[in-house]
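> Quick one: the structure is below, and I'll ask about it shortly.
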Amino acid sequence: MTDSGLMMPAEIAGILTTAITSWWDDVNESTQWQDGIFFALCGAYALVSAVALVQLIRIQMRVPEYGWTTQKVFHLMNFVVNGVRAVLFGFHMQVFLVHPKALCWVLLDLPGLLFFSAYTLLVLFWAEIYHQARSLPTDKLRITYISVNVAVYLAQIGIWAYIWVHDNSTVELVGKIFIAVVSFIAALGFLLYGGRLFFMLRRFPIESKGRRKKLHEVGSVTAICFTCFLIRCVVVAVSAFDKDLTLDVLDHPVLNLIYYMVVEVLPSALVLFILRKLPPKRVSAQYHPIQ
């Protein structure tokens, strides 16, 4: 009886594992589930895109006298990134099966690069605030931001071009590792400047409601963005070596749902909610046009 009792947990675990595996395979192979999940992602991205557009319009109506500020560009890029993702998942059948394969890579990777550019814009903004508060030079920060983004896009274009001419598994592996490295750089940027600005605000001698709000804003956005980019880095790196975890394929709808909800949809929605406050109508030191 004792031996039987000891075997029961293992047997139950085995049965549960088999049932979950069977369900996972059934869902992945079901056209109905595939369509349902990808259309759900389409709807989620469309909703976030609409929220970003509404917020952009509200900001423009609030301060129409200013040009393209960092805040406006950030919301515009969120609108574009999430809108493009919504279209891609809305036409998932055509996108995942498009030929040549390099074109499929372009369609699926480009929104991820735009997501990187949009959110590292926050890193740039915080870096400028931190440097100004420390009386450090800020003239090279935007040059660095632009240079890093240009380098990332040029490298990615090179990978796409090579895949177009010589499609092989080695180049695909390099492409995935490159995306993982780019995601790690973004996570590091948030940890570095988000963390610095957070601790600088904590040491600020004057206690005020505005300081507490800004502290909560910086801390929350830093934690969210660092986590989502780090998860993207790990998942993409692992998927490069494990075909069972391959993303952006029709027969892995559940994996795609979990991945994109965790690394893009939920972080975007949370950040837009946290940064929902409209800028003041009068000129502020924290709200200035992009030069």
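Cβ from N, Cα, C; glycine included.
Taken from Swiss-Prot, the feature N-linked glycosylation site applies to N28, N168. Marked as topological domain 'Extracellular' by Swiss-Prot on the basis of sequence analysis: 25-36, 100-104, 166-172, 242-253. As annotated by Swiss-Prot, topological domain 'Cytoplasmic' applies to 58-78, 126-144, 194-220, 275-291, with the evidence given as sequence analysis. The annotation transmembrane segment is assigned in Swiss-Prot to 4-24, 37-57, 79-99, 105-125, 145-165, 173-193, 221-241, 254-274 on the grounds of sequence analysis.
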> From the Cα of N28 (N-linked glycosylation site) across to the Cα of N168 (N-linked glycosylation site), what is the distance in angstrom?
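About 25 Å separate the Cα atoms of these two residues.
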> N28, N168: which of these glycosylation sites has the sparsest Cβ neighbourhood within 10 Å?
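Comparing Cβ neighbours within 10 Å for the glycosylation sites N28, N168, N168 has the fewest.
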> How do the residues of the topological domain 'Cytoplasmic' (194-220) split into helix, strand and coil according to DSSP?
21 helix, 0 strand, 6 coil
> Residues sitting near the topological domain 'Cytoplasmic' (194-220): Cβ under 8 Å, six or more positions beyond its termini, same chain?
123, 126, 129-130, 133-134, 226, 270, 274-275
> Going through 37-57, 145-165, 254-274 one by one, which has the most CB pairs that fall under 8 Å from the transmembrane segment (173-193)?
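Ranked by Cβ pairs under 8 Å, first place goes to 145-165.
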> Could you please provide the mean pLDDT value for the topological domain 'Extracellular' (242-253)?
78
> Count the CB pairs under 8 A between the transmembrane segment (254-274) and each of 37-57, 79-99, 145-165, 221-241, then give me the winner.
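The stretch with the most contacts is 37-57.
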> Considering pairs 6 or more residues apart, do the transmembrane segment (105-125) and the transmembrane segment (221-241) have at least three CB pairs under 8 Å?
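They are in contact.
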> Let me spell it out: take the topological domain 'Extracellular' (100-104), skip the flanking residues so only those 6+ beyond its ends count, and list any with a Cβ under 8 Å from a Cβ in it.
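Long-range Cβ neighbours of the topological domain 'Extracellular' (100-104): 160-161, 163-164, 167, 248.
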> Which bits of the chain, at least 6 residues beyond where the topological domain 'Extracellular' (166-172) starts or stops, bring a Cβ under 8 A of a Cβ in it?
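Sequence-distant neighbours of the topological domain 'Extracellular' (166-172): 100-102, 159, 240.
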